[in-house]
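According to Swiss-Prot, the protein carries these features:
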- 131-568: domain 'Urease' (DOMAIN)
- 136, 138, 219, 362: Ni(2+) 1 binding site (BINDING)
- 219, 248, 274: Ni(2+) 2 binding site (BINDING)
- 219: N6-carboxylysine (MOD_RES)
- 221: substrate binding site (BINDING)
- 322: active site, proton donor (ACT_SITE)
């Protein structure tokens, strides 16, 4: 006879199931399990007296006969594709199957085989997400990588060579020599990396050599001169060589206004950085480009969300990041032209509408590399508090809003940069770059981070304890060391560099993967974030209107996922 147990008892044993709801951290966001791919009464769980034992939930099948390398049991997947419960099977560093795990010789409906060679990660009561992608990195110091990884980011894309002044201001790794050195340096780090070449040139040869050297994308930055000629040249090279172009437009409007920049872009695909404008771009109306079909608009996290301290801290940050001098009036005016509370407030709302598609950091150059994920969920919380439930929500949950916001740092930057065949979502065939969270710590402190199917960092207690005793904090694990590091992480390069054998030429120890499909995409390809409102900015008051509606909200004085989570 089947046994019946209460929902609370079931959830404590196997995690929440269809119809159960849970809160994300200390936010006002509540998710509901949409479906459950496991089978009631046939759930697998590891431990003393539990199911995954020889002849029970564990079969006799070898790896050659289809047994998984690792199975994550009973995980609650939170992804742009949905919010659902499943077992997840990993093989060869990728997601092999999402479904029902167990022993097909003793259990019905098993499509994920557990064998003697299978490791188990207990996902009961935990949330599983794709590893995050930060697509706006100034590689100013290598220590950024540790902070980023331990926050749940598994892929970093950007440019730089260290604390050189070009890197402090712009996300470019200029020239074949520097690109080669950064590709070699990437071998040391347990994270996926990709590098941007400098895109500011009026003739193509200097850009083409950077793409052939291994640049996965090109960056146009106003500090190097983002003129119409440079924009056109860079995009022409990108179209021929299939790499993405990121743009930081002309704050001073020296070589044209936002309309001139859009004309120079000419309908070609481009990723617009910090599209609100505080991070740089045509003042005061760069935010207009969120309505363009060919522009992928993104935010950097210092303005996300709009709080009581946002405006005050920005002026000092900007003076430092762009090598400005307070004694020069023109430098001060340049800085002040970029900080507008009206456009910063509108940015939150445009994210909630799905008009901004991506959130990234702008690491150490007005952004915080370890806070991309936290600030994304703080913004989602703020918008629920201030705007209420989304009209498209069904049921007593925030699933649609949660799916929209998680897409901003997972699938959408991956699509924008030609990486979505490999990363960006919890889907079969993609790399097993995954993050497990305790729901109470969701968005603040990951429990486990997997890279290529191996644990690279985790919350861990005293190594000298008889058990892993408190205090717990995130520490590097075995996947972050030795040859395992090189087998788990990859470096993304251009197709031209991959075909030229860049890995062998530079004797890289990490594998390389080519970016692909960056030019025939646009705003419509941004998952759950493809809205294209018509934006108008009042040049005197800076008020922002979308399709005629005034966009304004108040700054928050207190946020979730903040001080109470970071005592140590």
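Quick reminder: no glycine exception, Cβ is built from N, Cα and C everywhere.
Taking the features listed in Swiss-Prot, we show where each one sits on the structure.
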residue : record                 : Cβ contacts under 8 Å, 6 or more apart
136     : Ni(2+) 1 binding site  : 157, 158, 171, 246, 273, 274, 298, 300, 360, 361, 362, 363, 367
138     : Ni(2+) 1 binding site  : 158, 159, 160, 167, 168, 170, 171, 362, 363, 364, 365
219     : Ni(2+) 1 binding site  : 159, 170, 171, 172, 196, 197, 198, 199, 245, 246, 247, 248
221     : substrate binding site : 169, 170, 171, 172, 198, 199, 200, 248
If you draw a 10 Å sphere around the Cβ of residue 362 (Ni(2+) 1 binding site), how many other Cβ atoms fall inside it, taking every protein chain shown into account?
30
For the recorded Ni(2+) 2 site formed by 219, 248, 274, name the remaining residues of the chain with Cβ within 8 Å of the site's Cβ center, in chain order.
136, 170, 171, 220, 221, 222, 246, 247, 249, 272, 273, 279, 280, 281
Using the Cβ centroid of 136, 138, 219, 362 as the reference point for the Ni(2+) 1 site, which residues of the same chain not in that list have Cβ within 8 Å?
137, 158, 159, 170, 171, 246, 248, 273, 300, 360, 361, 363, 365, 367
On the 0 to 100 scale, where does the mean pLDDT of the domain 'Urease' (131-568) fall?
96
Among the binding-site residues listed here (248, 274), identify the one with the smallest other-Cβ count within 10 Å.
248
Three states by DSSP: which one describes residue 362 (Ni(2+) 1 binding site)?
coil
